[in-house]
Amino acid sequence: MVCKRWILYGRVQGVGLRHFLRVHGVRLQLEGYVRNLPDGSVEVVAQGEKEKVLKLKTIILQGNGFSRLEDVQEEDFPIGNYGSFHIEY
């Protein structure tokens with residue numbers, strides 16, 4: 001099991017990205033969350049089987065057709081009890 005945290009920069013708020021990533025996170029049976037940050041970026045924390053977390057990373061990089069990534073920061077993150085993949089407000 002692995003846990004990753006990504007901070008997404010660019011046109012990432014107000015374009016349906018959180019909902020898009022939640023749907024994929026649930027389908028991949030991941031735990032974690034996605035949320036908007038005050039600086040206009042989006043934070044994603046995903047925990048699960050390594051292959052499934054890497055698949056979510058691929059989905060993040062592809063975007064939803066409305067988002068436009070300018071930068072992505074990635075780091076290992078502590079394993080936690082995040083529950084099902086959800087949107088945090």
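Just so it is clear, glycine is given a Cβ too, placed from its N, Cα and C backbone atoms.
Since this is a predicted model, take the numbers as computed values, not measurements.
What Swiss-Prot says about this one:
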type	residues	note
DOMAIN	3-89	domain 'Acylphosphatase-like'
ACT_SITE	ARG18	active site
ACT_SITE	ASN36	active site
Candidate with the highest Cβ count within 10 Å, taken from the active-site residues ARG18, ASN36: ARG18
Counting by DSSP, what is the helix, strand and coil composition of the domain 'Acylphosphatase-like' (3-89)? 24 helix, 34 strand, 29 coil
What Cα-Cα separation, expressed in whole Å, is found between ARG18 (active site) and ASN36 (active site)? 8
Note the mean pLDDT of the domain 'Acylphosphatase-like' (3-89), expressed as a whole number. 98
